[in-house]
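Trainee: Shown below is the structure under consideration.
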Amino acid sequence: MVKENIARELPVQQLLILSICRFAEPISLTSVFPYLPEMIESFGVPRDEVSKWAGVTSAVYSLSQAVTGIAWGQASDRFGRKPVTLVAMMCIMTTSLLFGFSRTLVWAIVARSLAGASCGNVGIIRTMVAEMVPYKELQPKAFSVMPLVWTIGSIFGPSLGGALANPALKYPMVFGESGLFGTYQFALPNLVGAAFFLVGLMVGTLFLKETLETKKDRRDYGIILGDILLLPFTRKKPGPKWSLEGEQSASLLKHSRDSSAASLDTDTDAQGNRKAVPVVAPPTYREVFSRQSNLNLLTYSLLALHSLAYDQLLPIFMHYPQQTDRSMNPDVHLPFKFTGGFGLNSDRIGLLFTVYGVFGMLIQFFVFPSLARHYGVLPCLKVVTTMFPVAYIITPFTALLPTPTTQQIGLLVVLMIKCWAGIFAFPCTTILLTNSAVSLRILGTLNGVAVSISAIGRAVGPAIGGYSFTVGVNKGYGILPWWVLGCFGILGAIAPWWLVEMEGFGGSNDDSDNDEAGQDEAIPHNNSEEEEQPSAILIASGPLSEMGEDHDQFGIEGNPLSGSEGLSKKTRVVAAE
């Protein structure tokens with residue numbers, strides 16, 4: 001048998017479109033951080049109670065996300081990734097506007113709770129990336145794209161939130177001291193975030209392709225409209241149009257550790273062409289909750305707990321008034337008994353978060369993919385998880401530095417340590433969790449479970465952080481919340497030592513070498529489950545809207561973006577058996 005020779009490449013176009021859809025969410029979430037303490041104070045809450053209610057606001061967001069996370073994942077498994085993603089984006093946009101126009105603490109908490117219930121895209125988008133790029137050698141780069149988008153959004157989000165909050169007071173010549181933004185002081189950042197959501201919705205509707213195997217052949221009128229809009233800017237060569245999508249479907253279904261759960265049947269499209277239709281059994285909870293998946297879920301939950309709690313406490317710590325005359329204050333006993341923050345306003349807090357985000361973006365783009373691929377995902381995770389408790393324990397002592405400039409520089413140094421650890425930890429846990437799945441068909445449900453379980457951690461963490469901050473301030477121990485988070489960070493550093501890096505669904509570099517040696521690319525993970533498969537299925541394609549890239553000189557078209565493998569048509573050579 002003559003074998004396929006496949007060069008594996010990232011589906012850059014679809015990853016870019018998915019990134020545009022993802023971009024609005026971090027802006028909407030992180031723009032709240034700089035002005036949240038001021039917003040809570042504007043509701044008449046005493047300053048000493050601000051941290052507690054900020055923790056409650058974050059906790060209800062995460063608890064609502066925990067309740068609905070599995071439902072969003074199951075919905076994407078049933079109805080498709082694309083429609084559920086677009087619906088979730090619309091819901092998040094609406095609830096962020098409700099939050100921006102809140103006039104009372106109760107309404108703000110309700111709006112954040114609804115926003116959390118709407119936030120189902122975390123697991124769905126992660127699943128789409130996994131279905132686009134199943135190969136281990138490409139996963140560090142592919143799975144760093146969405147965190148990179150989040151980091152870039154985290155740069156713009158705090159800057160927008162800090163600069164646009166309370167615009168009537170900051171820019172009276174532009175907005176006036178009364179009027180809409182005089183009444184709704186924190187609406188403008190959310191209106192700008194809604195504009196980003198509208199852009200993402202439009203791009204996703206027109207150009208984002210479905211990745212769920214059982215829904216990829218469904219007619220997508222958004223894609224049809226997008227093709228029509230792009231017709232003036234594209235040129236198609238004449239010739240018969242063929243698709244390798246059936247072959248990619250067969251290959252995707254082979255990427256399963258449970259071959260008995262999936263089979264191929266045949267069906268016909270509207271034009272009478274035969275095409276391969278996957279018939280899969282619904283995932284069971286035993287498949288979802290395998291031993292390695294459970295360990296990955298535990299690691300991810302602990303990481304989400306302490307990391308988000310730290311980010312939630314930072315603006316409160318920066319906004320809290322400085323403690324003056326430490327040497328004259330009888331309640332201060334250095335180095336452990338002291339209180340006080342930085343006394344910064346939302347503008348300065350937003351600037352510091354921006355510097356924090358820029359550093360994270362550079363690490364995400366230039367450092368993470370190469371180091372993760374060179375040293376391995378699991379070893380990197382084990383190292384960076386030890387950096388979290390160190391950063392947490394050092395943080396409160398930056399307020400003891402002698403001048404405001406040195407305080408902010410010291411805090412930035414600590415933030416760089418935490419940023420480095422976070423940039424590595426979250427993509428690594430995502431890759432390990434994805435590869436721990438027993439089959440690609442359960443990824444939507446598994447990532448929905450991950451969102452729900454980690455959301456519990458994201459709810460518990462800020463609640464514990466806010467409560468311990470209030471207790472620490474009242475007792476005179478400002479180190480209390482940070483050292484509590486340090487304890488959770490230590491637990492999070494222990495959990496990865498029980499993890500095992502699984503094979504994944506697309507093989508590794510060794511598999512790529514085997515391909516070049518003439519061996520079959522689609523080797524099952526379990527040798528006992530080897531089956532003979534046809535090397536390719538050529539299927540007559542339908543209308544123009546179902547076509548992808550320009551066909552080659554032979555009129556045979558392979559769309560590198562429509563399948564889960566992200567293959568390049570230019571390097572595909574298919575020979576019959």
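Using N, Cα and C of the backbone, Cβ positions are placed for all residues, glycine too.
A quick note: this is a predicted structure, and the numbers were derived from the prediction, not measured.
Among the features that TrEMBL reports, compositional bias 'Acidic residues' is placed at 510-519. According to TrEMBL, the domain 'Major facilitator superfamily (MFS) profile' annotation covers 14-504. Taken from TrEMBL, the feature region 'Disordered' applies to 254-273, 508-577. Sequence annotations record features per position, and here TrEMBL assigns transmembrane segment to 53-72, 84-101, 145-166, 186-208, 349-368, 380-403, 409-433, 440-460, 480-500.
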Trainee: Sort out the residues at least 6 away from either end of the transmembrane segment (349-368), same chain, that have Cβ-Cβ distances under 8 Å to it, and list them.
Mentor: 30, 33-34, 140, 144, 147-148, 151-152, 154-155, 157-163, 314-315, 318-319, 408, 411-412, 415-416, 419-420, 422-424, 427
Trainee: Can you work out which residues elsewhere in the same chain, 6+ from the ends of the transmembrane segment (380-403), have a Cβ less than 8 Å from its Cβ atoms?
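Mentor: Those are 299, 303, 306-307, 310, 317, 322-323, 326, 334-335, 338, 340-342, 371-372, 410-411, 414-415, 417-418, 420-421, 424-425, 428-429, 432, 478-479, 482-483, 485-487, 489-490, 492-493, 495-497, 499, in sequence order.
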Trainee: Across the domain 'Major facilitator superfamily (MFS) profile' (14-504), what is the average pLDDT of the model, as a whole number?
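Mentor: A mean pLDDT of 82 is what the predicted model shows over the domain 'Major facilitator superfamily (MFS) profile' (14-504).
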